[in-house]
Each structure stands twice: as structure tokens, then as C-alpha cells.
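Student: A single structure is presented below for examination.
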Amino acid sequence: MRPKRSIKTVPSHDNNSEETMTERVNYIDLIKHKPLLAGLSAFQLFKYLIYTLLSYNLYLFILEDTGSIPGAYPEGVNIDNFVEIYSASIDTASWVLLLLIFELETAILSDERLKSWQGHALSAIKAVCYAVICYAFYGYLSKYFSVTDVVDLSINNACSLSGQGWSIIESLNEYPALTGDNCQSLQAPLQKLNNTQIVGDGSSIGLIHNLAMVDVINAGAWIVLVALLQLEVILQLRQSLSEGFLQTSKYIKGFLYLVLLGAAIYWWIDGSFLDFWDAFLWLIAFIFIDLNILDWHEETQEH
């Protein structure tokens, strides 16, 4: 683990004593650096707990994406729709790997190792992650265009479609079978997603439009955020990370975090706790990476 700065002593300004006094302990540093379990501090244990929860969320997203296949993709999974179907899972898997690499770079590996073949190998893996993340962003865009491509139905009673293989829109990626019970919740005029047997009304169609748009905005904000973090890591390794750049980056990232928090709150209001919980954990995780970079920069400045 990258060595942390030590606590220094400073001369006492008390005229009645010539002894030195220990600099006041920063309690945040104590929490972050004092070993509790297996050499790990409370800060590190909490951080790795968050990383573990994010890894578990990947499994949950795979289950959710797979569950949307029968209704939204009756033809099954193929090379053309795989990215669209599993966009959330692909995105999350790449982000988990990217997060772990950022943790290695900013808190564990020394600068010398980062400048060696190990650092180059990590950079190559990150490049693959970035490519997958951008491709997953394309998947979110594709999903947005697919759910906004709707056609009007000539019938006014959705119950007449019951038992004919139709599905009803409950939320984005949630298309249960249309039955005699749930069909009564739909109000005319009715619409369906083009080239599918998924029916909805103005309210449900509007809901999935909004959710798909929030997915696009959320994914785009994360891409910009991680690009800033990547630039900070590169500049720090070159010892070119200035205070001015850190200040500018802080304001930009602050705005992006607000956008991401807004997306999380929207999902919570919509009732999707998994999406809210996942977004909340990611916000915490990347705040940890920000703190790692600040510590790294301060250590370099002190030396």
C-alpha cells in the first residue's frame, strides 16, 4: 500500500515552555489510517465493503436484464440485440473492473510500479473497459430509440389482446404478460412498441421514455467523470497535477455528482430501489477514488 504521510511535530508557541508539542491529530486521518483488522483501517474496510456490494449488484443486474428477454425480445438473444438487452450488466461489469484498477493506481501501487510494465498492463485493461463502457452507452441510446419508437393501436380495449402473447408496460425492462386483470389498468388511446407485442398507454409509454432518457444522461455523466479522474491520474504520475486544475476539476465533478444524484433520486421515486442503491454505492465509491487522488497528490507535494 502506498505509504501515508507521517504526523509531524512543530515548535510550541507557548512562551512558558520550550518543549515541542505534537501537531493536533486529524481525526479523519486517524479513521483512514489506523489499522483495525488485518492491517486495514476502518476507512479501508468500509471502502472495500462498498466495492463488494457493487460486485454483488452486478449479479442482480444480470438477473434483471435476463428477466426482460421474454417480453421485450421474443426472438431471444442474438448478436444484434445482445448489447441492448444486457447494456446495464455490461456497463456495471466494466465499471467494477475500472473501479478496482483506479483503487490499485491511486491507493495501493507505488509510482515506480505504475510506471513499469504493471502500470502499462493496467492501462491496457482500462482501455478495454473504456471501450466497453462507451459501447454500453450506445446500448442505452439504442434502448432509448427503441422505446420511443411507438405506433398507435386501432383498438381501445387492451383486454381484447389478453391471452394472445401480448405484454404490458409496467416500467423500463419490466413487461409482464397481459392478462385479464392487469389489462384494465390501461386507458385508451393505446400504443405499442414498434416491432413488438408490448402495449401501453400514454402514462406507461411516457414513463419508459423518461427512464430511458435518465439512463442515457446518467451513463454520459459517468463517462465525463471518469475521463476527469483518468486525466488526474495521468497528470499526477507526471507530477504535473496543479492546484488550479484540481480546483477546476472539483467544480466540474461536483456538478456531475449532482446530476448523478438527481438520477438516483428519480429512480427511487419511480420505485426502483436497485437502481437507486446501485447509484448511491457508485457515488460513494468514486468519492473514495477522489480522496485517494487527493492523498496521493498531498504526499507528492510533501516529498
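Placed from the backbone N, Cα and C atoms, the Cβ positions cover glycine too.
Residues or ranges marked as transmembrane segment in TrEMBL: 36-62, 82-102, 123-141, 211-231, 251-269, 275-294.
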Student: Can you see whether the transmembrane segment (211-231) and the transmembrane segment (275-294) are touching - at least 3 CB pairs under 8 angstroms, only pairs 6 or more apart in sequence?
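Tutor: Counting Cβ pairs under 8 Å, at least 3, so yes.
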Student: Go through the chain and flag residues at least 6 beyond the ends of the transmembrane segment (82-102) whose CB is under 8 A from any CB in it; none is fine as an answer.
Tutor: 51, 54-55, 57-58, 61-62, 64-65, 68-69, 72-73, 122, 125-126, 129-130, 132-133, 135-140, 142-143, 146, 219, 222, 226, 229, 233, 278, 282, 285-286, 289, 292
Student: Between the stretches 36-62, 123-141, 251-269, which one has more Cβ pairs under 8 Å with the transmembrane segment (275-294) than any other?
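Tutor: Selected stretch: 251-269, with the most Cβ pairs under 8 Å.
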